[in-house]
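Q: Once you've had a glance at the structure underneath, I'll fire off some questions.
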Amino acid sequence: MQLNSTEIAELIKQRIAQFDIKSEARNEGTIVSVSDGIIRIHGLADAMQGEMIELPGNRYALALNLERDSVGAVIMGSYDGLSEGMKVKGTGRILEVPVGRGLLGRVLNTLGQPIDGKGPIDNDGFSPIEVIAPGVIERKSVDQPVQTGLKAIDAMIPIGRGQRELIIGDRQVGKTAIAIDTIINQKDSGIKCVYVAIGQKASTIANVVRKLEEHGALANTIVVVASASEAAALQYLAPYAGCSMGEYFRDRGEDALIIYDDLSKQAVAYRQISLLLRRPPGREAYPGDVFYLHSRLLERAARVNAEYVEKFTNGAVKGQTGSLTALPIIETQAGDVSAFVPTNVISITDGQIFLTSQLFNSGIRPAVDPGISVSRVGGAAQTKIVKKLSGGIRTALAQYRELAAFAQFSSDLDDATRKQLDHGQKVTELMKQKQYSPLSVAHQSLVLFAAEKGYLSDVELNKIVDFEAALLSYANTQHAELMAEINAKADYNDAIVGKLTALLDDFKATQTW
């Protein structure tokens, strides 16, 4: 068969018409330096702030410095095997982490990868780690409580859903203990918890996970870990990753609680990255944007209104508000709350729980200093019964602190002063609480009622703890219905007062103290 020139030309035209090539534009650059977890890249045009940059060996870096002729990026993980001259690619994406209910009960790293050996996670999708916080119009005022189960906090420094309450104090004064007790107390409250461990020893984190599991609270909790041995970039990003996981519940009309343990170590990791990127240092060698580092994170903790939830879920959830409550932890050096990072976070949050070494070492645990601890919005969220009964407790402790200072210089005190000092000592003793033993609203109310109505006046100081234990045991066995009623309604009226009075009178009649 012979083809003439016309047929050949037609065939070529057909082939050309059918030929389809897809042009692919790739943003590539070359590594010009590698040192201390920082790479400088030349030729990576159109890079975004915070963009993921793909490195050889399926590793990633985060673009943080965008300069005229180079990009400074921080490597997320190990930088072994990277060298000058290697090619890198821009991905055009910012960092996203998996979110969803399948994360509950799991231990994850900053990137949302499981590290607990329980297999792959079942996530509902991905969320960017940097999200703009809800606006003023989308928020709702805080008016529902988060019960920590700790008398000293729920009575005097109440926390509401959507609040940011700072836990601040020196090392080894029980900051993490308060956070873990709060998580344990949420196992039946419906509040989902996220615990972000930043720069801690792996053994400490393993102990926390074990305690949560023992008390049945791990199934309700996501644990995000950036341990002390991990790269500074992962420690810096861990709180944002945890926050995105918590926002999943907030945006769907549910309540969540997130604990950042602790933000001092995150600030140190960010300072390290900034200095290596040659950004100008400021006070205490922190970069100028260290306030923004924490403010953009903590502003994402909020109570959002029903309209926001309905719009976010495209009408799937109606008439429900969502909340994300944050308990950031800050470690001070020798009680110095006027340092740079502590003052920043105090000004961002809605109050602080201040723990002191002096109280801790004298056996008052939790070592909460009620004089300088404050909750700026929690009062509106306090349960009715605890709010009514706790007012006198705060006053009694304030008067006791004032009188105790004067009593040191005076030996002859009048009866009224002596009674006030005695009452203050007993209330201080009553505020003590063992770790991993949170109390219900009914139990707290009963203890506060006993203190408020003078039932402790004839109980010796060294028997207060035993008195409390016996009282709660008696209430559980003899007055279980009343305890259940208070837990369900938390009302304070004449009928409840009458029942509580009868309970305490019966208890005092059956036992001598």
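Cβ atoms here come from the backbone N, Cα and C positions, even for glycine.
So Swiss-Prot says this about it:
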BINDING   GLY169, ASP170, ARG171, GLN172, VAL173, GLY174, LYS175, THR176  ATP binding site
SITE      SER373  site 'Required for activity'
Q: Cα of THR176 (ATP binding site) to Cα of SER373 (site 'Required for activity'): how many Å, rounded?
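A: With distance taken Cα to Cα, SER373 (site 'Required for activity') is 17 Å from THR176 (ATP binding site).
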Q: How many neighbouring Cβ atoms, not counting its own, are there within 10 Å of the Cβ of GLY169 (ATP binding site)?
A: 26
Q: Among the binding-site residues listed here (GLY169, ARG171, VAL173, GLY174), which has the Cα closest to the Cα of SER373 (site 'Required for activity')?
A: GLY169
Q: Measure from the Cβ of ARG171 (ATP binding site) and count the other Cβ atoms within 10 Å, all protein chains considered.
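A: A 10 Å sphere around the Cβ of ARG171 (ATP binding site) contains 11 other Cβ atoms.
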Q: Helix, strand or coil at ARG171 (ATP binding site), per DSSP?
A: coil
Q: Per DSSP, THR176 (ATP binding site) is which: helix, strand or coil?
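A: Going by the DSSP assignment, THR176 (ATP binding site) falls within a helical segment, counted as helix.
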Q: Within 8 Å of the Cβ centroid of the ATP site residues GLY169, ASP170, ARG171, GLN172, VAL173, GLY174, LYS175, THR176, which other residues of the same chain have their Cβ?
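A: Going along the sequence, the neighbours appear as GLU331, LEU355, SER357, PHE360, ALA367.
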Q: Please work out which residue of GLN172, SER373 has the most C-beta neighbours within 10 angstroms of its C-beta, and give that one of the recorded positions.
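A: Comparing the recorded positions GLN172, SER373, the most crowded Cβ belongs to SER373.
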